[in-house]
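The following features are taken from TrEMBL:
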type	residues	note
ACT_SITE	His188	active site, proton acceptor
BINDING	Gly12, Ala13, Ala14, Gly15, Gln16, Ile17, Gly18, Asp43, Asn106, Val130, Ala131, Asn132	NAD(+) binding site
BINDING	Arg93, Arg99, Asn132, Arg163	substrate binding site
DOMAIN	6-153	domain 'Lactate/malate dehydrogenase N-terminal'
DOMAIN	157-325	domain 'Lactate/malate dehydrogenase C-terminal'
Amino acid sequence: MAKDPVRVLVTGAAGQIGYALVPMIARGVMLGPDQPVILHMLDIPPAAEALNGVKMELVDAAFPLLKGVVATTDAVEACTGVNVAVMVGGFPRKEGMERKDVMSKNVSIYKSQASALEAHAAPNCKVLVVANPANTNALILKEFAPSIPAKNITCLTRLDHNRALGQISERLNIQVSDVKNVIIWGNHSSTQYPDVSHATVKTPSGQKPVRELVSDDDWLKGEFIKTVQQRGAAIIKARKLSSALSAASAACDHIRDWVLETPEGTWVSMGVYSDGSYNVPAGLIYSFPVTCRAGEWTIVQGLSVDEFSRKKMDATAEELTEEKALAYSCLS
């Protein structure tokens, strides 16, 4: 039996990440090679012509899985009936802008898009926020879409997770697929904590801890962390544009694992609504290690946390608490 199409919304679809993301979705990278999709693409009115160009290209690519394309500048039309929403559109920080200015712009964007999703998305719609500040944008969205379950609103830290895997694989000169269970704790910002305390590498003689194979704690606690934290800025410096390809790929990974399950014995990093696990304040959207089964994520419990990790985890939670207060002050 052919499956019914899944409706996938991409906001900011005419932008860099959107342009990289929509063909991946249409090709089955996000939801699987046998899952038909209908793409809903939303952008702002000044980008309407560019958005129509993206739609033309999607038609021209003749993707067998793509069963329809909605390209619109109307949030209600874009959100109607969607099963998965990838929120890429946001207001980027420009030179000379204060954090509060960026936050207030994004708060108003996410408040209005949340209301459209709340009223028009399919029940049990899964939401992934990509636009920065991703964690706090997701929190605002949750606030204004109360009927979408809190567990269905997530933000993207899979890009950081993948970056961490990539750094370890390059350092050890091994396949990235042989490294697993790194963790990104906290905020998708430069305070995030990439943690390899529980990460392992597949070797001919079985799974070995990353710590043991790298055997350079100074690098793991210093340069490795800094490289992952600052990778986005390094790519902007090199490319003069932000990391669109890797962000789009990570968004596909995030949704695919959430919907189609994580492999046995493997966890991934997702920004999810904190329930107080690992003494992270409840009510923040914070990145944790999770496993996914039957379309639901679960925070991996019982991992040991040393003093070094505790400090890093608390510092990024503190930043998120401040961001949350700043966002709520923009609401009033």
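Placed from the backbone N, Cα and C atoms, the Cβ positions cover glycine too.
Cα proximity to Asn132 (substrate binding site) (within 10 Å) is found for the following recorded positions from Gly12, Ala14, Gln16, Asn106, His188: Asn106, His188. For Gly18 (NAD(+) binding site), the Cβ neighbour count at a 10 Å cut-off comes to 25, with all displayed protein chains included. Taking the Cα atom of each, His188 (active site, proton acceptor) and Gly18 (NAD(+) binding site) are about 19 angstrom apart. Remark: of the recorded positions Arg93, Arg99, His188, the most isolated position is Arg99 (fewest other Cβ atoms within 10 Å of its Cβ). One residue stands out among the binding-site residues Gln16, Asn106, Asn132 for having the most other Cβ atoms within 10 Å of its Cβ: Asn106. The Cβ neighbour count for Ala131 (NAD(+) binding site), using a 10 Å radius over every protein chain in view, is 24. Neighbour density for Ala14 (NAD(+) binding site): within 10 A of its CB lie 25 other CB atoms from the protein chains shown. Contacts of Arg163 (substrate binding site) defined by a Cβ separation under 8 A and a same-chain sequence distance of 6+ are given as Pro194, Thr227, Val228, Arg231, Ser246, in order along the sequence. The two recorded residues, Asn106 (NAD(+) binding site) and Arg99 (substrate binding site), have Cα atoms 11 Å apart.
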